[in-house]
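A short worksheet on the structure shown next.
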Amino acid sequence: MSSPPTREEQRYDAADPIIPIAHIKSNLSAQHQASTTEIDIERHEGEKSKRGRTEEIIREEEEKRNLTNRSSSLSTSPTRLASGCSYGPVINAEFLKETKIKFEPELVSSINENREREEFRILWVDFPPLSPQNPFYFSQNRKYGITIVATLFTLMTSMNVGAFSIGMESLTVDLGCTKEQAAIGLGIYNFGFAAMPLILAPLSEEFGRRWTYVVAVILYLLFHIMIALAKNLPTMLLARVFQGCSGSVAATLVGGTIADIYIPADRGLPSAIFAFSSIAGSGLGPFVFCWVESNPKLQWRWIWWIQAMMIAALIVPIFLVMRETRESIILRRRAKKLRKERGLSDGGRYTARSEVGKVNFTQAMKTSSLRAITFLLVEPILLFFSIWMGIGWGVLYTMITGLSYNFKSVYGFTTNQVGLAYISITIGALFGFGFNFVQDAMYRRKVEEKGIEARLYAPMVAGLTFAVGCFIFSFTSTASISYIVPCLGIVVIIAAVFTIYISAFVYISECYGLYASSAIAAQSFLRNSFGGVFTFFTLQMYDSLTPRWTTFTWGCVALLLSTVPFIAFYFGPKIRSKSKYSKILMKEEQERITREKEILDGLD
């Protein structure tokens, strides 16, 4: 075990309010970081299992690294800390001022009473090796369960969009409004998705993800009931806003959850499942509920009652299966438990690194709400990917809003036939899902050479096919050409949008590590704002320009923005090297992964 650091080694800087945890590890000497994998060999003595042998190997390596750092003046062995913990700086007035750690009154009293006799230190709390509390080491079944229930929530929030679109005709008759007024309900749902994550996702980074999911899905259910009972347009629109706000959790937190429990090399498949749920549901909604809309005894209200039943059935699995996955929250709870059990008996205060810079609730709310916007404004990679993704999402919502208009006016489709045409969106998402495996294989082959830019091979192709799909749809949406051809154009568009979305999602997650949810919230804000705005003028554009020239216009914009992944691929490292936050957070994430990899290597 390593000895406590000397006063000369004790250094710390003021925390950045946007990413308060980032500075602390850079202030720890190599001997402190090496001690994070210490093992209590007495507890494992006699174990013959492979895991036990792995821990012995790690202990031996740590002992070799720490041997030269031990103080020769120590006549006795230092106090054995809790497994996974290590010595930090001396607790003094300067340290407390800079780090803003709030001590328990009884600990302050004990420190003051014993200050002349002994020196107390911060004891950094990390996970013990192979700890099942570490989200990286959750069992595969638990990881699968968490991924499934989270993406089911995402699927339902996505189905909501298409379901609203297919039910607009009976809604306008029942509530006595125009199609343009009803379309506002589609747009403001997106604005709820855009705005709320700026608060929700960062708050989950402060207070945990699990309860955010639980509360959100319950509220989402209540607002479905509200819209099903709505008697007028304002009530319906208000319900839509709140639906968007509560449903946004599914669009934002899932990315952070996946980053919590999977190392980068393993995030491809779960991220693809999440992306498939986000996009495919937009086509599944009309496909499933077109028969409800076409039944005079059911129509739009039962579209919402049926969805409410589905969400109610999801509440129990989310409550039972979902676990806290946020590393900082888990370690903060572990530190609190160790303080309660061991007090100052080990020569210091057990402290999680996430407690450094922690402020009161009001200040935390302010910082959290500003973090995503700050990332969006000062991080060029995030900004340009968000704009690119925003255009893609806008075109997606143009399809969702305008497909019914296009196929009814051009081909004379019935409601049920239009619902079948919407399945093109789901088919496109399915193709995009399949292409993800190709991208994932390329990433694994090229990651050592290209780094995270190996995530960008597929979007470089998808950016071009996105524009091609728009051109196919625009030039074939005429009565003289079979409806199959524009449907193929939709498949190409959605496959490209899916590929862009999933690649940007994973790329951004890796660029912003522990604060991936805030970066994704920023991207979600811009993306969903585009989607919401597009719904307001889609029908007017179709009337003025026809579906052909409307889609052609967005195809030209898509062609222009197809340069984004090429720029990121060739200049990404240089851009990130000048980034204020990404370079710090990527280093944090790499250190976290390296610690776990050292342990996993021992299993070979």
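Glycine is no exception: its Cβ is also placed from the backbone N, Cα and C atoms.
Look at TrEMBL and you will find 25-80 tagged as region 'Disordered'.
The compositional bias 'Polar residues' feature in TrEMBL is assigned to 26-38.
What TrEMBL records for 40-66 is compositional bias 'Basic and acidic residues'.
Annotated compositional bias 'Low complexity' per TrEMBL: 68-80, in sequence order.
Sequence annotations record features per position, and here TrEMBL assigns transmembrane segment to 144-166 (among others).
Among the features that TrEMBL reports, domain 'Major facilitator superfamily (MFS) profile' is placed at 146-580.
Long-range contacts of the transmembrane segment (186-204) within the same chain, counting only residues at least 6 positions beyond its ends with a Cβ under 8 Å from a Cβ of the stretch, are 157, 160-161, 164-165, 212, 216, 237, 240-249, 251-253, 256, 326, 364-365, 367-369, 371-373, 397, 400-401, 517-518, 520-522, 524-529, 531-533, 535-536. What TrEMBL records for 186-204 (among others) is transmembrane segment.
Distant neighbours of the transmembrane segment (211-229): 150, 153, 156-157, 200, 203-204, 235-236, 238-240, 242-243, 245-247, 249-250, 253, 301-302, 304-305, 307-308, 311-312, 314-315, 318-319, 322; these residues of the same chain sit at least 6 beyond its ends, with a Cβ under 8 Å from one of its Cβ atoms. Annotated transmembrane segment per TrEMBL: 211-229 (among others), in sequence order.
The transmembrane segment annotation in TrEMBL covers 241-263 (among others).
Among the features that TrEMBL reports, transmembrane segment is placed at 272-292 (among others).
The transmembrane segment annotation in TrEMBL covers 304-322 (among others).
Among the features that TrEMBL reports, transmembrane segment is placed at 375-400 (among others). With a cut-off of 8 Å between Cβ atoms, the residues of this chain six or more beyond the transmembrane segment (375-400) that come close are 161-162, 165, 186, 190, 279, 282, 422, 425, 463, 466, 470, 490, 493-494, 496-497, 500-501, 504, 507-508, 511-512, 515, 518-519, 522-523, 525-535, 538, 541, 550-551, 554, 557-558, 561, 564, 567-568, 572, 575-576, 579-582.
Marked as transmembrane segment by TrEMBL: 420-438 (among others). With a threshold of 8 Å between CB atoms, the same-chain residues lying at least 6 positions outside the transmembrane segment (420-438) that come near it are 162, 166, 268-269, 272-273, 275-276, 279-280, 282-287, 290, 396, 399-400, 403, 407, 413, 458, 462, 483, 487-488, 490-499, 502.
Residues or ranges marked as transmembrane segment in TrEMBL: 458-477 (among others).
Positions annotated as transmembrane segment by TrEMBL: 483-508 (among others).
The transmembrane segment annotation in TrEMBL covers 520-539 (among others). Nonlocal intrachain contacts for the transmembrane segment (520-539), taken as residues 6+ away from its ends with a CB within less than 8 angstroms of a stretch CB, comprise 179-180, 183-184, 186-191, 193-195, 197-198, 200-202, 248, 251-252, 255-256, 372-373, 375-376, 382, 385-387, 389-398, 400-402, 405, 504-505, 508-509, 550.
For the transmembrane segment (551-571), the partner stretch with the most Cβ pairs below 8 Å, chosen from 144-166, 241-263, 272-292, 458-477, is 458-477. Mean pLDDT, taken over the domain 'Major facilitator superfamily (MFS) profile' (146-580), works out to 87 on the 0 to 100 scale.
Sequence-remote contacts of a segment are chain residues at least 6 beyond its ends whose Cβ falls under 8 Å from one of its Cβ atoms, and for the transmembrane segment (458-477) they are 388, 392, 395, 406, 410, 435-436, 438-439, 442, 485-486, 488-497, 499-500, 503-504, 547-552, 554-556, 558-559, 561-566, 569.
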